[in-house]
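Per TrEMBL, the features are as follows:
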type     : residues : note
DOMAIN   : 54-303   : domain 'G-protein coupled receptors family 1 profile'
TRANSMEM : 12-30    : transmembrane segment
TRANSMEM : 36-61    : transmembrane segment
TRANSMEM : 73-92    : transmembrane segment
TRANSMEM : 112-133  : transmembrane segment
TRANSMEM : 145-169  : transmembrane segment
TRANSMEM : 210-234  : transmembrane segment
TRANSMEM : 255-274  : transmembrane segment
TRANSMEM : 286-305  : transmembrane segment
Amino acid sequence: MGFFTASRHMKISNTLNTSSTITGFILLGFPCFREGQILLFVLFSVVYLLTLMGNGSIICAVRWDQRLHTPMYILLANFSFLEIWYVTSTVPNMLANFLSDTKVISFSGCFLQFYFFFSLGSTECFFLAIMAFDRYLAICWPLHYAVLMTGHLCTNLVVSCWVLGFLWFPVPIIVISQMSFCGSRIIDHFLCDPGPLLALTCARVPVMEFFWTIISSLLLFIPFLCIMGSYTLVLRAVFRVPSAAGRRKAFSTCGSHLAVVSLFYGSVMVMYLSPTSEHGAGMQKLVTLFYSVGTPLINPVIYSLRNKDMKHALQKFLGI
């Protein structure tokens, strides 16, 4: 395996050095034997299709079941729509690389993937925050919920998430794209990530690394603090409920969202508080794979298993 990987690296390096037509980067992905690449292609193809089917089913269930036309489920349907695009920003290119010998991604293609992957990830952070805010209003202000969380407010919150998400990273990404890159231009990852990209610049740019750390930290902690604040108030309200059945019902409406928040934030915080952290390439790939491919696959299962209304709507939609 080590000999094969070294040979593949040598082949890619020779291709870069001898061919003037190649412009861009090499995404190594998961180097292994040809048979292993085909096996990974089949595995991730199945995961991708299941992700599309799972999140698409939630969207259709919310669309066609009148009982789910409430802010909570409208937000969930939008979140599932986001997850479809989030996984699509990485997996199709990963699948193409499994069958490619050169694994080349163009310079523009690399930075487009960089932009869309991080913009969609940013949008997900904001979506998780407004979904927690919705649960806060529903549990802490049940009698005023319909008046407070109107369709107009729900629409404004959804639009704000998309706009903020896509406006958070373009400036640093454009700055990084204007830097000079030296060496082999080999990225030991399956996507264009800031850590490996900054490592390929001709000279270290501490200011850019510091700026990236700051905006990444703000993106993670501002929504996260909003989520924690919302659930702190929710817990305080729940513990005031006199009946155990009432407390269980309140917790059941929040459990799935808390599980999704824990999975997503737990893995993302490991990676992006510092893009030049000392994580090994293998660990970077595994953690990134978990939150970019694993969580979009798991989320529909979490929401459908822990929510009776959603489970019933999905069974009705699928004819089970």
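Numbers here mean position along the shown chain, with the first residue as 1.
Keep in mind that glycine also has a Cβ here, set from the backbone N, Cα and C atoms.
TrEMBL labels come from automatic prediction, so no person has curated them.
Using a cut-off of 8 Å between Cβ atoms, the transmembrane segment (73-92) and the transmembrane segment (286-305) share at least three residue pairs, counting only pairs 6 or more apart in sequence. Taking the domain 'G-protein coupled receptors family 1 profile' (54-303) as a whole, pLDDT averages 89 in the prediction. Proximity of distant same-chain residues to the transmembrane segment (286-305), defined by a Cβ-Cβ separation under 8 Å and at least 6 residues beyond the stretch ends, is recorded for 44, 47-48, 50-51, 54-55, 57-58, 76, 79-80, 83-84, 86-87, 90-91, 117, 121, 189-191, 193, 256, 259-260, 263-264, 267-268, 270-271, 279, 311, 314.
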